[in-house]
Ligand code: UD1
């Protein structure tokens, strides 16, 4: 497996960086394409990521025709045939997010068998809200032999209150409800921009989804959906990662096509620290002088709160800012492993349950470190850019799930970074 080698210390990023379509948007969008009984669906601005290949395979496994034109960042799905209703373990086990095929599959086929997703390093991640919601829509759910089987001749619209605004559960229920009889109301729904993007696609396909981006979604069921073209929304987490990278290296970077509104929770924390963030015509510009930044307290929350997917990267920034910063992680219960790795680089931090206190401003030292999950891998690479000496980051399978050519983009901004195969 490859590793990334960074010569850190005095990296100062400058220039422009282009971001990709959002991983967390495209995965549910691909699941939604199986709802189209008529016509092909083409998604554009699709990022080239291992998670996208995995989801393509999950959909292909349903006997659906999926063509990925990487040169044009385009996926075309033809689900018009008689698709299968079983998503097997061999695909689903590779990626938790594949559970979002359950809702659309059940809605289209009246019967769906999806393997139960396995464990995850960042927390227990149950799917009870997905299943309870589908049951409320009239599905009968059984779990045997590691599979979830859902059956409903016809789903029936109802009001569902979600205990927690789960992103995946909202997506699953929204897709299931598009073909249900009558009206479904989802209260305390997730409000992430990726939910809005899914609603936009579904509505183009002929669905009637209202209220996406607010805490109440109303879905009026229709008889069938058809294929369309759709451009995937920009990746706010990739954009945010580069914004943090610029801030922690006293850089000056324009993150092209980044959407201000989507990154507001992050931008407000950067500004509170003293980072200069401005909205330009073609993106978001981040300028900073680390010596002048102040420590802050950050708490992760569902959108529009501070995103848990930016938590790890933001702790790398906290590590270079003089003083004591606090990070409170409320979304996942085990998402501080990157801090244990950063300890190998000399970071002083204390972790008490969901709270990490970071003693920033002391020089980090380069060290061999290991990615523990997707966003942790980015955080360790960012830390490597400001650490004295050489840092090597291994287990890049995590990075490749969500960042396209991350090292090349950082290199173009001035980082001394390269990717090599483990052997050479
Ligand atoms: C999505 C994102 C992930 C992000 C997360 C939170 C994708 C592909 N992934 O994951 O990058 O970190 O949102 O913003 O979009 N929960 C339950 N029961 C459930 C479902 C969730 O208790 O049925 C809990 C989870 O354990 C977790 C919290 O709710 O503690 C958030 O999970 P959720 O919003 O569902 O995240 P995902 O959709 O898995």
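Yeah, the Cβs are placed from backbone N, Cα and C, and that goes for glycine too.
Please treat TrEMBL annotations as automatic predictions, because they have not gone through curation.
The UDP-N-acetyl-alpha-D-glucosamine site in TrEMBL is built from 96, 125, 126, 127, 128, 129, 309 plus one of 66, 75, 286, 331, namely 331. Taking CA atoms as the reference points, residue 128 (UDP-N-acetyl-alpha-D-glucosamine binding site) and residue 24 (phosphoenolpyruvate binding site) are 20 Å apart. In this structure, the C-alpha atom of residue 331 (UDP-N-acetyl-alpha-D-glucosamine binding site) lies 16 angstrom from that of residue 24 (phosphoenolpyruvate binding site).
For ligand 1, the binding-site residues lying close by, meaning a CB under 6 A from one of its atoms, are 24, 129, 309; the full candidate list was 23, 24, 129, 309.
The number of other CB atoms found within 10 A of the CB of residue 128 (UDP-N-acetyl-alpha-D-glucosamine binding site), across every protein chain shown, is 11. All protein chains included, residue 23 (phosphoenolpyruvate binding site) registers 26 other Cβ atoms within 10 Å of its own Cβ.
If you average pLDDT over the domain 'Enolpyruvate transferase' (10-410) in this model, you get 96. Listed in sequence order, the residues of the same chain lying 6 or more apart from residue 127 (UDP-N-acetyl-alpha-D-glucosamine binding site) and placing their CB within less than 8 Å of its CB are 99, 116, 117, 148, 168, 169.
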